[in-house]
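Chemist: Handing you this structure, nothing more for now.
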Amino acid sequence: MTLRRGSCPLLLFSLVGLLTTCAQEPDAAGQNTTAVAEKAGTCPQAELEMPDRNCTEACQSDAGCEENKKCCRTGCGTSCQIPDEKPGSCPNVDTPIPPLGLCKTTCSKDSDCSETKKCCKNGCGFMTCTTARP
């Protein structure tokens with residue numbers, strides 16, 4: 001192959017255009033390959049048996065969801081959902097005597113708790129909504 005004079009800039013511009021196009025191509029999941037910050041928490045488990053299945057692709061990534069909601073699979077689509085697990089960790093429960101009035105289960109997962117509270121062990125074998133440690 002012989003290159004004619006003046007053809008190198010054309011070749012260079014073609015390569016730059018190709019690299020720019022490849023960098024913006026969506027990946028196999030249909031999301032852009034540029035990194036988008038993922039929000040904290042884990043998506044609720046998608047229900048496999050749903051009578052009226054919602055197959056709508058309501059979001060592409062967590063960035064498309066408001067507040068602390070995450071873009072989660074719904075069985076055959078996606079939707080913005082409140083995550084099961086919230087950021088932070090449960091406080092240590094080291095009391096030899098369990099706190100009065102808290103010996104009952106009030107939650108089973110973080111999404112059962114309001115705002116930033118987490119579902120944690122309460123010292124007497126049950127789970128309750130507690131303020132999380134950072």
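Cβ atoms are placed via backbone N, Cα and C, with glycine included.
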Chemist: Disulfide-wise, see what Swiss-Prot says Cys90 is paired with, picking from Cys59, Cys119, Cys120, Cys124.
Modeler: Cys120
Chemist: Taking Cys80 as one end of a disulfide recorded in Swiss-Prot, give the other end from among Cys55, Cys65, Cys103.
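Modeler: So the cysteine that Swiss-Prot bonds to Cys80 would be Cys65.
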Chemist: With reference to Swiss-Prot, which of the candidate residues Cys103, Cys119 participates in the disulphide bond with Cys107?
Modeler: Cys119
Chemist: Based on what Swiss-Prot records, which one of Cys113, Cys124 is disulphide-bonded to Cys103?
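Modeler: Disulfide partner per Swiss-Prot record: Cys124.
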Chemist: Swiss-Prot pairs Cys59 with one of Cys55, Cys71 in a disulfide bond, so which one is it?
Modeler: Cys71
Chemist: If you check Swiss-Prot, which of Cys43, Cys55 bonds to Cys76 via a disulphide?
Modeler: Cys55
Chemist: Sequence order is fine: just name those disulfide-bonded residues in Cys55, Cys59, Cys72, Cys107, Cys129 with a Cα within 10 angstroms of Cys120 (disulfide bond).
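Modeler: Qualifying among Cys55, Cys59, Cys72, Cys107, Cys129: Cys107, Cys129.
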Chemist: Going by DSSP assignments with H, G and I as helix and E and B as strand, what are the residue counts for the domain 'WAP 1' (36-82)?
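Modeler: DSSP composition of the domain 'WAP 1' (36-82): 3 helix, 9 strand, 35 coil.
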Chemist: Measuring C-alpha to C-alpha, could you say which of the disulfide-bonded residues Cys90, Cys103, Cys129 are within 10 Å of Cys71 (disulfide bond)?
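Modeler: Qualifying among Cys90, Cys103, Cys129: none.
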